[in-house]
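Taking it in order: structure first as structure tokens, then the write-up.
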Amino acid sequence: MLKQQRAKLVVGNWKMHGRLAANAALLQAVVQGSDEMPADVRVGVCVPSPYLAQTQLLLEGSRVAWGVQDVSAFTHGAYTGEVAAPMVVDFGATFAIVGHSERRAYHRESAELVAVKTQRALEAGLTPIVCVGETLEEREAGSTERVVGAQLDEVLAKLSVQEAARLVVAYEPVWAIGTGKSASSEQAQAVHAFLRARLAAKGAAVADVPLLYGGSVKPENAEELFRQSDIDGGLIGGASLKDQDFLAICKAAAATSVAG
Ligand code: 13P
């Protein structure tokens, strides 16, 4: 099969990590390193919301985009502790992760809630990074496609073709997150091809949305994953907190990009 011509995207998900001083060092290093990336490799970081102002200050004018790890399903109102998508936009953010498995599991977010959050993010002008993924039990029961298909369908059902074309989708098998045990490139590619077909069924304009793989991506396995025809980059947890590792993963994306 001919290699697809989509650009690469590597996004760090810092999760609940970071302090001002450490963030500054990490962001400065990422900015410097990203200057060497070819134009068809996009780099982003999704930081804890309290650090959005700092992130904007340090990344504005650089090649690195930024965003958050969740948004509220509401635009404003009496929702103590929530952060609304328009607030995030005030700080120059472009990405919002929605439906991360940690939020689905620990905060009991339903597929329906994830779909509404995706709508709020789109309305505010953000690019939602919609996460889907199966647990180990679900994989072993042969339910991977049923589970990730249902998670994606719930989101797609609420969107027009034009809206769906603005998504990024991340396949993050729950059993691979933070475990050091990545999906093999064959396992990941198989699910990505399935998700690609599902997206294409929504409309031709949706077929090319970036499909990221997440789950124990490291400098050692990134290039092989990114070489797969339906893997357009990565959503990086632990390794995004170490500048050298994160930049090495970005370099792997560059090596597999069209211009790289
Ligand atoms: P790790 O890279 O730490 O496995 O986390 C992946 C992830 O959950 C990114 O959203």
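Every residue, even glycine, has its Cβ placed from backbone N, Cα and C.
Caution: TrEMBL annotation is automatic and unverified by curators.
Taken from TrEMBL, the feature active site, electrophile applies to His100. Counting every protein chain shown, the Cβ of His100 (active site, electrophile) has 27 other Cβ atoms within 10 Å. Annotation note: His100 (active site, electrophile) sits in a coil segment as assigned by DSSP.
Note: Glu172 (active site, proton acceptor) has non-local neighbours His100, Ser101, Cys131, Val132, Gly133, Tyr213, Gly214, Gly215, Leu235, i.e. same-chain residues 6+ apart with C-beta under 8 A of its own C-beta. Classification of Glu172 (active site, proton acceptor) by DSSP places it in coil, neither helical nor stranded. Summarising the annotation, TrEMBL assigns active site, proton acceptor to Glu172.
Within the same chain, residues at least six positions away from Ser216 (substrate binding site) with a Cβ under 8 Å of its Cβ are Ala176, Ile177, Gly178, Thr179, Gly180, Lys181, Ser182, Gly238. DSSP assigns Ser216 (substrate binding site) to coil in the three-state reduction, outside any helix or strand. Annotated substrate binding site per TrEMBL: Asn13, Trp14, Lys15, Gly178, Ser216, Gly237, Gly238, in sequence order.
Other C-beta atoms found within 10 angstroms of the C-beta of Gly238 (substrate binding site) number 19, with every protein chain shown included. Same-chain neighbours of the substrate site beyond Asn13, Trp14, Lys15, Gly178, Ser216, Gly237, Gly238, judged by a C-beta within 8 angstroms of the site's C-beta center, are, in sequence order, Ile177, Ile236, Ala239, Ser240, Leu241. Secondary structure at Asn13 (substrate binding site), taken from DSSP and collapsed to helix, strand or coil, is strand.
For Gly237 (substrate binding site), applying a Cβ distance below 8 Å and a minimum sequence separation of six or more within one chain yields Gly12, Asn13, Lys15, Ile177, Gly178, Gly214. Ligand 1 lies under 6 Å from the Cβ of Asn13, Gly178, Ser216, Gly237, Gly238, out of the binding-site residues Asn13, Trp14, Gly178, Ser216, Gly237, Gly238.
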